[in-house]
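Asks: Below: one structure in C-alpha cells.
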Amino acid sequence: MSGSTPINDGTGAPHGDAELPRATGPLTGEPAPREGEEFPPTRSGVFLKELLRGSAVTTFLAIVLAMIVGGILIAVTNKDVQAASSYFFARPGDTLVAIWQSVYNGYEALFRGAVFNARGADFAAQIRPLTNSLGFATPLIAAGLGVALAFRAGLFNIGARGQMLVGAIFAGLFAFNLDLPMWLHLPLTLLAGIVGGALWGGLVGLLKAKTGAHEVILTIMLNYVAFYLLLWMTRTPGLLQAPGTNQPQTRPTPASAQFPDLLGPLFPQLDWGFVVVLAATVFVWWLIERSSLGLRLRAVGENPRAARAAGMSVDRLYIYAMLFAGGLAGLAAMNQVQGTVTTGFGATIDAGIGFDAITVALLGRSRAWGTLAAGILFGALKAGSFSMQAQGIPVDIVLVVQSLIVLFIAAPPLLRAVFFLPKTDAEKAAKARAKAAKKAVAA
C-alpha cells in the first residue's frame, strides 16, 4: 500500500496499518495505540511497578516499623509486663522496666539465635547461629529470585510452591533410581530438579501466551495439582514411596546425591547449596541487568503493549520468564531434597518457602542483590525464632513481623505518615493531575 507507514504486529512481519487489526494488550485485551499515541500501562502493571519502585530508605523504615510493632507484641504477651501493669498507677516504673526487659530479652534472643551467640563454648558454637541463618536463607533466596524475575517481566508468579514440588518429584526420580558416583549423581539430581521446576513454570507461560489466562489463576491452580501429584506418588509403591512403609514419604536421599557440608560437620545446616544459590544470584543479576534478553523482559514488564508494538514477541518472553522462574524454584527444592530434608520428604517439602518467596522478592524490590539480602534477613528471623521461643516468646510474633514488613512496603503512604516523610514527586504529580481533572469537570 503506497504511502502507508509499516507497523509490526508483534510477529515480526510488517504490514500496512490500514489493513491490520490493532494489536491487543496481553493482560486486558484492549487495543494497542497507533503511532503517535501513548501506551498506557495495564492496571496490574501499575500496581506491580508501584511495589517495586520504593527506595532503600522505604525498605529500611518498613523493617524498623515492623520491629517496633513486634516489640509491642512481645511486651503485651509477656507475663511480667502483665503482672506489673496491674499496679501501673501505683508504681509505673515497674511496668516500664518490665516492658524494656521483655523487648530487650526478646530481640537479644533473636540476635543470639540468628547471628552470634556470645555464650557459646568455642568460636564454632558462637558463629553457628550465622551458618544456621544462611542455611535457612538458601532456599528462600532461590525461590525469591524466581518470583523476582517474573515480577520484572510483569508476571505475578504465585506458583513457586508448585514449581518446587514438581522439581522435588523430578529430583526424587533421579536420586532414588540411579546408582552413580557422587560427581555424577549430585549434579544430575540437581539438574533434574531445576528442569522439573522450569517445565512447570514454563507451562504457566505457555498457557498464558496461548489462551490469555491470567498467571495468578494458573499458578494457584497448578500449586494444587503439584501438591496432589506428589502426595499420590509418595503413597504409591514403586513410584516415590519408601519401600516397607505405608507413610506418604520417600526414602532418604542417597549420600551420593546430597550436598556436602560447606564448612565441615560442625556446621551441618550450611552446605554447598548456598554456593550454588550465590551463583544463581549472579546469573539472575546478569540476565536481568546486562543481557539483551533481560532488556526485553524488563520492557515487557514496564509496558507489554509498547513492547509488542515495538516488535517484541511478548508471548515468547512470558514463556522464557516463567521457564527461568520455575527453574529457580526448582533449585530451591533441591536445597531441601539434597541439603535440608535428606531423611525422606513428602508433599510438604516446600515448607511454606514458595509463599515466603513472594515476601522475599517484594522486600528485595525484585532485584537480584536485594532478594539475596531479603532472603538472608528472613533466614535470620527463622533461625532466631527458635531462641525466642526458648525464652517463652510466641514464635508467631516473628511471622507477624514478616507480614508487617510486606504490609508497610506495599503501603508507602502509611510509612510517610508515621515517619513524617515528604510526599514523592510522583504523588505530587498525581495529586496535581487530580485537581486539574476536577477543575476541568467543574468548568
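The backbone N, Cα and C atoms fix where each Cβ goes, glycine too.
Reproduced below are the annotations present in TrEMBL:
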type: REGION; residues: 1-41; note: region 'Disordered'
type: TRANSMEM; residues: 51-76; note: transmembrane segment
type: TRANSMEM; residues: 133-151; note: transmembrane segment
type: TRANSMEM; residues: 182-204; note: transmembrane segment
type: TRANSMEM; residues: 216-234; note: transmembrane segment
type: TRANSMEM; residues: 270-288; note: transmembrane segment
type: TRANSMEM; residues: 317-337; note: transmembrane segment
type: TRANSMEM; residues: 393-415; note: transmembrane segment
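Looking at the shown structure, what environment does each listed feature sit in?
Replies: Residues 98-99, 102-103, 106-107, 151-152, 362-363, 365-366, 370, 377, 393, 397-398, 400-402, 404-405, 408-410, 412, 415, 418-419, 421 of the same chain sit 6 or more residues outside the transmembrane segment (51-76) yet have a Cβ under 8 Å from a Cβ within it.
Note on the transmembrane segment (182-204): residues 146, 157, 159, 162-164, 166-171, 173-175, 215, 218-219, 222, 226, 254-259, 276, 319, 322-331, 333-334, 337-338 of its chain, located 6 or more positions outside it, place their CB under 8 angstroms from a CB of the stretch.
Nonlocal intrachain contacts for the transmembrane segment (216-234), taken as residues 6+ away from its ends with a CB within less than 8 angstroms of a stretch CB, comprise 156-159, 161-163, 165-166, 168-169, 172, 200, 203-204, 207-208, 240-241, 248-250, 346-347, 349, 354.
Nonlocal intrachain contacts for the transmembrane segment (270-288), taken as residues 6+ away from its ends with a CB within less than 8 angstroms of a stretch CB, comprise 131-132, 134-135, 137-139, 141-142, 145, 148-149, 152, 190, 258-263, 294, 297-298, 324, 328, 331, 334-335, 338-339, 367-369, 371-372.
With a cut-off of 8 Å between Cβ atoms, the residues of this chain six or more beyond the transmembrane segment (393-415) that come close are 51, 54, 58-59, 61-63, 65-67, 69-70, 73-74, 77-78, 106, 109-110, 356, 359, 362-363, 378, 381-382, 384-386, 421, 424, 427.
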Asks: For the transmembrane segment (133-151), could you work out the same-chain residues 6 or more beyond its ends whose Cβ comes under 8 Å from its Cβ atoms?
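Replies: The answer is 48, 52, 114-115, 157, 160, 163-164, 197, 201, 215, 269-271, 273-274, 277, 280-281, 284, 287-288, 297, 301, 321-322, 324-329, 331-333, 335-336, 339-340, 353-354, 356-358, 360-361, 364, 366-368, 371-372, 374-380, 382-384.
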